[in-house]
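J.: What Swiss-Prot shows for this protein is this:
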- 1-266: region 'Amidoligase domain' (REGION)
- 15, 16, 17, 18, 19, 20, 72, 239, 240, 241: ATP binding site (BINDING)
- 72, 140: Mg(2+) binding site (BINDING)
- 291-542: domain 'Glutamine amidotransferase type-1' (DOMAIN)
- 515: active site (ACT_SITE)
- 517: active site (ACT_SITE)
């Protein structure tokens, strides 16, 4: 089987939506029965985004095998059935790290190590490795054409097109086609210059995706085709839409998938997008609306919580409920009090690191618990719920996490000192260990307690969810908290770690150490988020009586 590659680049400006466009195209090709995957090549020097600020970079998406990756991989998994892995995302930093390690070992036999061929060869090897076993691989190059950082990646894919053959490679370029209100027309010149930039490094785009706030007229698309040396049917208009799940249908309506299948000589049936049509229908026709407050530390950049926001929307789809998400800075809870939490139908506290804003999160968990407001805590959101319960119910005054107060009297959350690495080897770690790549990461098994709420929601005795944390519930102090009424609803597969807690005699209070948002999709949803949104709707109805 020959693997076909579609290389996706962007020009003119950043944040054009390459990831969404690539994922949408992959969804159409998958609907035609093809085995599809997507890769993201990031040009920054960090080895991975694990230690980057969420406010700068956005969310870190965790794959099943424990890779800390770009948030675009979350889009990929929400659009196609293929699960991402560490093979689907790598950075300049990772490539250089690998090449330098080989140089130190003497693998290059004394050669002068250079960008070409050593760096470009390493990039090509990883792309080919990631594409094994698939009919079509979409490879998204991060950044914008013209950036100095992305040049090695662009050179590598140029070489791949020559080596693999143009019959099995395609270049798809996204550009901005701005609308000028003064003249009442769209402008194609930025696109022409962007293509010129690509041509200067030896890449002729085969497909142009024209991003605009409105449909690009046929005459303007013809003009772009003429000046950019691209077939007119390969110039695609991608206007702004009110739902990203409409994009597969928008691309299909312009024959993009037919053009690609013909170019690759792929004989496959027409795409059936009925599942996406159902998602769009549910999204457009809710029967009610709820307001859910998300109290976090990084709310100034919503992309820091991208998967959580999408998972809440998916939970709404499963209940035919429109979810209005109110982003609340946890530090505002500290300074302004719980007044800003009133009027919400449910409260979610997501993950995070560091002490800033944590007391506001603890106050939030207490407010939800004492006022019977549905509460979902994720990662840090579980830890603050535990701290609240320890302080205010179990009489453990000033209980805290050793992450925030190392010498606190009641360290109910503490660092796990023994970890297993990606090869299953036990490693001993401490507060002085490296921050990067030293967490409990990836899919882990969790055993659910029979009479728990989560057991009903999942309808399964054992589940697998993804983790990203280095602190856990301190088992040494757990009995005192359980004696005060807190229920442990889920434990790790080896029964050593607390994974889920619930507050009995509360309508809906669930907190988990894992990240359920990473496995939620628009077509399937997720049991926790579906149950959470349903609880918010029921709470709203009770309040209205």
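Here, residue 1 is simply the first one shown, and the rest follow in order.
Every residue gets a Cβ built from N, Cα and C, even glycine.
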J.: Return only the integer: C-alpha distance in Å from residue 19 (ATP binding site) to residue 140 (Mg(2+) binding site).
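T.: Per the Cα atoms, residue 19 (ATP binding site) and residue 140 (Mg(2+) binding site) stand 7 Å apart.
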J.: Long-range same-chain neighbours of residue 72 (ATP binding site), Cβ under 8 Å, sequence gap at least 6?
T.: 18, 19, 22, 23, 40, 61, 140
J.: Expressed to the nearest Å, what is the distance separating residue 517 (active site) and residue 17 (ATP binding site) at their Cα atoms?
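T.: With distance taken Cα to Cα, residue 17 (ATP binding site) is 21 Å from residue 517 (active site).
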J.: Here are the binding-site residues: 17, 19. Which has the lowest count of other Cβ atoms within 10 Å?
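T.: Fewest other Cβ atoms within 10 Å, among the binding-site residues 17, 19, is found for 17.
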J.: In sequence order, which same-chain residues at least six apart have a C-beta under 8 angstroms from residue 240 (ATP binding site)?
T.: 212, 213, 214
J.: When DSSP is mapped onto helix/strand/coil, what comes out for residue 517 (active site)?
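T.: Residue 517 (active site) sits in a helix per DSSP.
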J.: Where does residue 140 (Mg(2+) binding site) sit in the DSSP three-state scheme?
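T.: Assignment for residue 140 (Mg(2+) binding site) reads strand.
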J.: C-alpha of residue 15 (ATP binding site) to C-alpha of residue 515 (active site): distance in Å?
T.: 26
J.: How many neighbouring Cβ atoms, not counting its own, are there within 10 Å of the Cβ of residue 517 (active site)?
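T.: Total other Cβ atoms inside 10 Å, all chains included: 29.
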J.: So of 15, 140, 515, which of the recorded positions has the fewest other Cβ atoms within 10 Å around its own Cβ?
T.: 15
J.: Cα-Cα separation of residue 17 (ATP binding site) and residue 515 (active site), in Å?
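T.: If we compare the Cα positions of residue 17 (ATP binding site) and residue 515 (active site), the gap is 25 Å.
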